[in-house]
Amino acid sequence: MEMIGGDDTDTEMYGALVTAQSLRLRHLHHCRENQCTSVLVKYIQAPVHLVWSLVRRFDQPQKYKPFISRCTVNGDPEIGCLREVNVKSGLPATTSTERLEQLDDEEHILGINIIGGDHRLKNYSSILTVHPEMIDGRSGTMVMESFVVDVPQGNTKDDTCYFVESLIKCNLKSLACVSERLAAQDITNSIATFCNASNGYREKNHTETNL
């Protein structure tokens with residue numbers, strides 16, 4: 001696509017269009033007739049590097065996913081490796097076997113396939129991306145998570161999408177809470193470090209003056 005002429009508004013609209021198209025390409029799923037797909041977006045008031053540091057930990061999803069009690073990874077957490085996830089009681093599942101399909105630290109992309117477990121999420125594939133975003137004048141993050149999954153026999157596409165979306169919404173809400181709490185701690189620690197350094201500088205000057 002080529003842009004010719006136009007004012008600043010046209011440029012902004014073109015930039016937004018290119019961004020939207022880029023995001024759609026990253027979240028492109030091949031959805032068969034017996035499957036459903038959807039994409040969810042969450043805005044988080046924490047810098048992208050902090051959010052990504054939580055998301056990328058394929059070996060420790062329980063850091064922010066509230067329904068996971070334990071995770072075991074066979075080997076190093078690299079593309080192609082598997083993890084065994086134990087699900088907390090109260091959900092219609094106890095275990096899930098998942099494979100890491102994508103892990104891009106530059107583009108901030110995480111892709112996962114579920115290949116086994118005692119649940120009904122057959123042929124489940126998800127892609128999660130994080131993107132820098134200004135929120136209320138501060139550096140924040142936009143998180144996008146998309147999925148495709150088989151519709152179980154006896155269920156509708158709407159019912160299946162609603163169930164999976166509910167789980168993802170809970171995960172993203174928890175991700176926001178954990179990220180924003182860590183961001184607040186970073187700010188508090190930075191202020192404390194600055195204050196301590198300032199106090200030390202003043203004490204040093206006071207001592208030198210008395211001498």
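Using the three backbone atoms N, Cα and C, a Cβ is placed for every residue, glycine included.
Owing to the predicted nature of the structure, the values given are computational and were not obtained by experimental measurement.
These come from Swiss-Prot:
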{"type": "REGION", "residues": "29-180", "note": "region 'START-like'"}
{"type": "DISULFID", "residues": "C31-C161", "note": "disulfide bond"}
{"type": "DISULFID", "residues": "C36-C161", "note": "disulfide bond"}
{"type": "BINDING", "residues": "K65, 93-98, 120-126, E145", "note": "abscisate binding site"}
{"type": "SITE", "residues": "P66", "note": "site 'Involved in ABA binding'"}
{"type": "MOTIF", "residues": "89-93", "note": "motif 'Gate loop'"}
{"type": "SITE", "residues": "P92", "note": "site 'Involved in interactions with PP2Cs'"}
{"type": "SITE", "residues": "I112", "note": "site 'Involved in ABA binding'"}
{"type": "SITE", "residues": "T156", "note": "site 'Involved in interactions with PP2Cs'"}
{"type": "SITE", "residues": "V164", "note": "site 'Involved in ABA binding'"}
{"type": "SITE", "residues": "L167", "note": "site 'Involved in ABA binding'"}
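Swiss-Prot feature annotations superimposed on the structure.
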{"residue": "C36", "record": "disulfide bond", "DSSP (3 states)": "strand"}
{"residue": "K65", "record": "abscisate binding site", "DSSP (3 states)": "coil"}
{"residue": "P92", "record": "site 'Involved in interactions with PP2Cs'", "DSSP (3 states)": "coil"}
{"residue": "I112", "record": "site 'Involved in ABA binding'", "DSSP (3 states)": "strand"}
{"residue": "N123", "record": "abscisate binding site", "DSSP (3 states)": "coil"}
{"residue": "E145", "record": "abscisate binding site", "DSSP (3 states)": "strand"}
{"residue": "C161", "record": "disulfide bond", "DSSP (3 states)": "helix"}
{"residue": "L167", "record": "site 'Involved in ABA binding'", "DSSP (3 states)": "helix"}
Between I112 (site 'Involved in ABA binding') and K65 (abscisate binding site): CA-CA distance (Å):
15
Round to the nearest Å and give the CA-to-CA distance linking E98 (abscisate binding site) with V164 (site 'Involved in ABA binding').
16
Restricting the comparison to the recorded positions C36, I112, T156, V164, which residue's C-alpha is spatially nearest the C-alpha of S125 (abscisate binding site)?
I112
Minimum Cα separation from P92 (site 'Involved in interactions with PP2Cs'), reported as the residue among recorded positions I112, L121, E145 that achieves it
L121
Please compare the recorded sites P66, P92 by how many other CB atoms fall within 10 Å of each one's CB, and tell me which has the fewest.
P92
Mean pLDDT for the region 'START-like' (29-180), rounded to an integer?
94
Compare the Cα of V164 (site 'Involved in ABA binding') against each of the recorded positions C36, P66, T94, T156 and report the nearest.
C36
